[in-house]
Amino acid sequence: MSTTRPSQSSNNSGRSRNSARIIAQTTVDAKLHATFEESGSSFDYSSWVRVSGSVDGDQQPRSNKVTTAYLNHIQRGKQIQPFGCLLALDEKTCKVVAYSENAPEMLTMVSHAVPSVGDHPALGIGTDIRTVFTAPSASALQKALGFAEVSLLNPILVHCKTSGKPFYAIIHRVTGSLIIDFEPVKPYEVPMTAAGALQSYKLAAKAITRLQSLASGSMERLCDTMVQEVFELTGYDRVMAYKFHEDDHGEVIAEIAKPGLEPYLGLHYPATDIPQAARFLFMKNKVRMIVDCNAKHVKVLQDEKLPFDLTLCGSTLRAPHSCHLQYMANMDSIASLVMAVVVNDSDEDGDSADAVLPQKKKRLWGLVVCHNTTPRFVPFPLRYACEFLAQVFAIHVNKEIELEYQILEKNILRTQTLLCDMLMRDAPLGIVSQSPNIMDLVKCDGAALFYRNKLWLLGATPTEYQIREIALWMSEYHTDSTGLSTDSLLDAGFPGALSLSDTVCGMAAVRITSKDIVFWFRSHTAAEIRWGGAKHEPGEQDDGRKMHPRSSFKAFLEVVKARSVPWKDFEMDAIHSLQLILRNASKDTDIIDLNTKAINTRLNDLKIEGMQELEAVTSEMVRLIETATVPILAVDVDGTVNGWNIKIAELTGLPVGEAIGKHLLTLVEDSSTDIVKKMLNLALQGEEEKNVQFEIKTHGDQVEFGPISLIVNACASRDLRENVVGVCFVAQDITAQKTVMDKFTRIEGDYKAIVQNPNQLIPPIFGTDEFGWCCEWNAAMIKLTGWKREEVMDKMLLGEVFGTQMSCCRLKNQEAFVNFGIVLNKAMTGLETEKVAFGFFSRKGKYVECLLSVSKKIDAEGLVTGVFCFLQLASPELQQALHIQRLSEQTALKRLKVLTYMKRQIRNPLAGIVFSSKMLEGTDLETEQKQIVNTSSQCQRQLSKILDDSDLDGIIDGYLDLEMAEFTLHEVLVTSLSQVMNRSNTKGIRIANDVAEHIAKESLYGDSLRLQQVLADFLLISINSTPNGGQVVIASSLTKEQLGKSVHLVNLELSITHGGSGVPEAALNQMFGNNVLESEEGISLHISRKLLKLMNGDVRYLKEAGKSSFILSVELAAAHKLKG
């Protein structure tokens, strides 16, 4: 099927097309920049965008020189903004290799008006930077030179030697040198003395807390909250959330502005408004500030001996380019602050627990943009806080995107339902004449069916004449494809596209036959876009030549008036599925009559119910509770204890008999009553809290030891209708560790006696000082992580010790890093922190999962001097006992098992149906046709039977009713063989049927459908295990045994012999129930063996030199004797 827009059917091809689109868009950006520079004040923005809008993602304009010059200009600009100054140093010598023209004045000039000779040292190429700053400042900069992740130290507070003025030194490394941005510390600021993350968090703490408290499920609410918090945090006149769409154009999706400013909410911008090169820079530098777009830029002078031009891409002072400055001026914006929102690329796989695998690929989802009508400077600590806030925001955006994908999956299931419903109709007319119809399949404005030279129209469509013209055009120019999808008929080359543009411009069309076509139509994108901003007053006009948001919006509308919303991959999958159904139906609707109502019912409403399952779960829960070596208790819906295992009875001194029947709240300490009450109420509502700490009373001889401290996970117990009928609490006894921690946190002097104590009761402990440096790492941490104390001490805890790249203990992803930072910072500010789940990779690559507790460290005066972190590892006993929490999830797991089984089993009969249909097309013999139709019918019956198998446990445990009927082995063989013929033909494997004729024609009595299911399954496994060009041989033997006067018992044995190395050992182990059922083959073989056992049979697998055999045995009855 041809398409004028690349679909993303695979990750690799999707990414390659995405790269091609970015390259093409970068070329367009370069042309725009070059034209702007050449045209000056005569540049007509709207006209240029309309012309460039026709460039598609799969077309690359040949402008390599222009593009190269543009990218070099963007990346190698030699100017900075004047609010600070810049030095570039040689890493080995600390000498200046480049400096901004304002650096000598800012860094060496004394404060009095008339400087005298000797007031300040000379600053230029070759100057040793240590002569410019005070000794402590020079020492700090010297230390940074040898630091691998130098950005973790930002900002470094330095003081000039001559004037004593404080500056923030913001350092980053480029090839061959260190670049340092110096930003003056304003008189009203309290200088930041610690590295960024720890101190900046305090500024954004309120905003982060509010974002984390939001309920999921609304991207709009999330974005509105973000812009509100940034508005309050930074004080800019306008804050917007800006989202990039799939075609790279942007949209303002949230906004807050001071009164009197024109709103931009709802505006869409062409992709060129934020060039690809700028987006790349946003991925590298997450925050970008322009203080005054009217300020004169400062040149950067570099040593002529340098073999390359320095890049200032990573500089916080980098000057904006003229094109962007003009844009800001046209929208009356003098200053701006932009934060990048970077999320996981949806094309990538999920996070891996493997330490050697790379991190997830990222993409720029959008920007948080702040504008001000007057110059505005935001100090680095506040910008760092904004970057931290943007990272938290990005995590929540990621979660909302994942939620949207889940909704998308539900839509796919809905589509399956529609497809199956349409399949039951009078195809193909039922898809337009009944409800639901083809317009319900995918989002569209209209649809049409062109069938046997007649047209049926639905919704907004072209005229009948125009549709016939489209069909004729497709037959002439798209003869080799099965259809066409495009978001622009104009771009696709349809001659009459302009006459259609007011009604439709996007189309998806598929052929049922060479002459019959189904169409879906979409109107242009502009019809769906609404601007939420102020309307024009009468007589007011825009100057479309200027680069302005309103002009951008109009230019965007001009571009998209001939383009619809692109067709999504899942929508095209649904369309293709319907196409296949209709094409098959058009061949012979009487032959292929799939029972899709059963498919729909089973796939979309699959439930595993039954008293046997409930009894199994109940007995398992009772066994686990009674024998677990960790404390476990359970209550009913009223909070009355109905479960109390031996371990908790030992800890509390309260026997099981006395505990049963008491209310849980009477058994816990008064200080824990509210905590337990909340936990219990939430669990009864289905919300299961994890890692909750409370204390429970002791009784009898245990009273003298005090209350027991527990870490508890709640697990709601449910009945078959998913109603909560009680709560089970799985706990870990942490009394000993808590005693140690309490003593630890109460000590006012020397902590080392406890931290460095080798006692096994001491948990893993590490700590940081108030500046973020790792200052504690006890013996338990060494054992747990594999990193020695001297290897981590005096490293930055956030980034060097625990981080996502080049760190000692690698965290799984950026989200884990940000959340770890939040917990540390909360404790540093004196706030109480709860235990949180924490995980990292040890030195050997093992992933460690634990609970993290963080406590502030205080000195004798009560000042916070750092934090201590305690890790609690789940004991093996707790890990074993946590199995009980997964009991409530068994239904979902069994559904997955059933779906895996069904997926496997459905393939065989469907393949048989397809094969039978192909055979029917090539024969005129009435007898053979009847045989093929009969085979197809048997396959369909088998399919229906499999779809009824929702209770796998019933089959495994032998609780399945067999449907007895008369049949011949010949019928079973023919039907089973039809299901594997496609596979055998593909591999060139010959199937030899050595079953004797008298056995094949023997009238038998039993469940023929189950027998053919089993036989087809073992045949397919044998074919898959046979080398290409090999042979599979079927043979049989039959013996009869008389039971009474009228019944003969038939012992049927079938052998399936194949060449090659044989069936994999793992699959055979699963067949015999020796291993967990993991693979499709293993599940299928296991079920087939259980079906044979239901028929008083079994299976053996024999291996000889060069060949192997399945030996199937089954007990049946001789049908002719039963008749008499």
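Using N, Cα and C of the backbone, Cβ positions are placed for all residues, glycine too.
The annotation region 'Disordered' is assigned in Swiss-Prot to 1-21.
Annotation source Swiss-Prot lists compositional bias 'Low complexity' at 1-19.
The domain 'GAF' annotation in Swiss-Prot covers 218-401.
Per Swiss-Prot, the feature phytochromobilin binding site maps to C323; the stated evidence is similarity to another entry. Packing around C323 (phytochromobilin binding site) is summarised by its Cβ count: 18 other Cβ atoms lie within 10 angstroms of its Cβ, all protein chains included. Mapped onto three states, the DSSP output places C323 (phytochromobilin binding site) in helix.
Taken from Swiss-Prot, the feature domain 'PAS 1' applies to 617-687, supported by sequence analysis.
Model confidence over the domain 'PAS 2' (750-821) stands at 83, taken as the mean pLDDT rounded to a whole number. Sequence annotations record features per position, and here Swiss-Prot assigns domain 'PAS 2' to 750-821.
According to Swiss-Prot, the feature domain 'Histidine kinase' maps to 901-1120.
Each residue in the domain 'PAS 2' (750-821) gets a DSSP state, and the totals come to 23 helix, 16 strand, 33 coil. Broken down with DSSP, the domain 'PAS 1' (617-687) shows 40 helix, 12 strand, 19 coil.
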